[in-house]
Amino acid sequence: MEDCCRHSLLSHLSSLLLLFQLPFAGSAEEFVVIGPSDPIVAMLGGDVMLPCHLSPAMDMENMELRWFRSKFSEAAFIYQNQQEQREEQLAQYAGRTSLVKDFLTQGEAAMRIHKVQAFDNGLYTCLFRKGNFYEEANLELMVAGVGSAPQVHIQGPEEDGIRVMCMASGWFPKPQVQWRALSGEKFLTFSETYAQDAEGLYSVEAALVVRDSSSGNVTCSVLNAILGQEKVMAIFIPEPFFPQTSPWKPAFMVTLTVLTLLIFGAAYYTKREHTAKQQERQEWEKLHRDKEEDQQTKEKVLKDRGDILVLSSLASCVAFQTGGNLFTCLPGERHSCMQSSGMVVFILLPHGLTPCPR
């Protein structure tokens, strides 16, 4: 009985040992994708490789290999069915990416980007698929470019000092600007303005106001922090360029302010007087027009009644009768005689009425 049990136990142990020695179903399909732990630096205009590899190492020739940006559909490169697939590739990578196939059988693959652009900067994901199983890894590409040397010039006086400008373009990423005096001391207060062109490259304008005439030379440096490369330009500011300060300057400013106020006051008073005289003249002209219109109205009424006779005779004397009365008027080129209040005769001339001798 004991021999039987012992034999049965040995049989089970042997079966278990054989089972452990067999590979698990599907374990041959599993793997881990590993990417570089540090960011990859690429120079503008150059080429760069984004590598990923499998663990454990295995042949990748029949796998799907994909490098994409933030979304799965934003593919930079796709390798499937042992050839490149371009249908889902972003337009910005068309003709600029390829697969490094040298070590596919050893579980290593890399996407090469040609003619690196600022657009290529950022995070990527490499995804490897075999059948229904896939794994992925993240990696970062840091694009860097050194642009033009800074151009420095004096813009002019400002705030008891000299305003100096520094300009540079074609840098990526955004560069760092620093001003220094001849002694090497840094200027901490200055303004910066950045802009990006259509290719994503940065230009910068930095303005500094130098107030110490003993500064002499000042330098402007533009630095690419990723590459640790900078370009520097210096400029000499002659001391006579600085505004001269004197103890009477505050008093002069006060005097100038008072004079300005007096000028403005005098201008206001003159304008007010001119406006008043103009209004007075307009009122007088209006009164004169009203008087003339009233006179013309009266004459028209008298003429309509027949009390006005227009004469153009050149005789020595003209007599006429109207309203039952006889009147005599002196000759004239063109005048009228009229009876007013029944007894007085007037001659109507262009400038008004004058008495006519009877």
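The backbone N, Cα and C atoms fix where each Cβ goes, glycine too.
TrEMBL labels come from automatic prediction, so no person has curated them.
Residues or ranges marked as signal peptide by TrEMBL: 1-28. Feature annotation from TrEMBL assigns domain 'Ig-like' to 23-140, 150-234. As annotated by TrEMBL, transmembrane segment applies to 251-269. Per TrEMBL, the feature region 'Disordered' maps to 280-299.
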Summary of DSSP states over the region 'Disordered' (280-299), given as helix, strand and coil counts: 20 helix, 0 strand, 0 coil
PLDDT averaged over every residue in the domain 'Ig-like' (150-234): 93
